[in-house]
């Protein structure tokens with residue numbers, strides 16, 4: 001089974017990806033892991049990626065696409081299938097993935113889209129606070145400290161609501177064309193992500209069993 005998992009930051013995509021890998025035995029291919037492995041193994045694309053990263057530059061799409069292609073060509077993919085997590089990030093990468101899969105004789109079986117209302121995600125992502133003395137991390141709503149005093153805690157710039165909202169807006173603008181592309185191919189299953197983790201996975205599992 002060859003899959004993509006898609007979701008906005010905070011939607012719980014990583015948690016569900018780990019559960020899919022555990023339950024269905026597919027190879028988990030995340031962008032970060034791919035880059036680290038390619039650079040550690042000094043593959044052609046890994047060396048290219050490192051040259052950009054060392055200069056503090058963004059890795060261009062053709063290198064990222066090349067690293068994905070190297071990984072999808074490995075033997076375990078044909079045996080186990082894959083779950084791509086964090087790629088494609090743009091419609092151009094989605095088209096490149098289509099071409100790579102065709103070249104390698106692989107087929108995408110499904111796209112799992114973990115849907116959560118953006119306003120809920122702002123609450124999830126902007127609630128993180130850090131204790132000034134201990135460095136411990138809490139959440140205002142989901143994991144509040146016992147003796148909360150506002151002056152004892154601070155919030156990182158990245159976690160402030162306006163910053164979180166901007167980040168989500170960028171992700172939605174990039175993600176919509178990708179979802180539309182896969183919807184036209186009849187591959188997308190929408191999963192309601194604003195429920196208990198076990199309930200989300202029950203819906204994911206049901207969808208994937210129907211694909212088998």
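Cβ coordinates come from backbone N, Cα and C, glycine included.
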Quick one: which of 94-126, 127-159 does Swiss-Prot have down as region 'LID'?
127-159
Looking at the binding-site residues 10, 12, 14, 138, which ones sit with their CA no more than 10 Å from the CA of residue 156 (AMP binding site)?
none
Would you kindly list the residues that approach the region 'NMP' (30-59) from elsewhere in its chain, counting only those six or more residues past its ends and only Cβ-Cβ distances under 8 Å?
17, 66-71, 85-87, 89
Just to verify a number: CA distance, residue 87 (AMP binding site) to residue 10 (ATP binding site), in angstrom, no decimals.
16
Within 10 Å of each Cβ, count the other Cβ atoms, then let me know which of the binding-site residues 10, 31, 57, 87 comes out lowest.
57
Can you check which residue among the binding-site residues 89, 128, 156 has the largest number of Cβ atoms within 10 Å of its own?
128
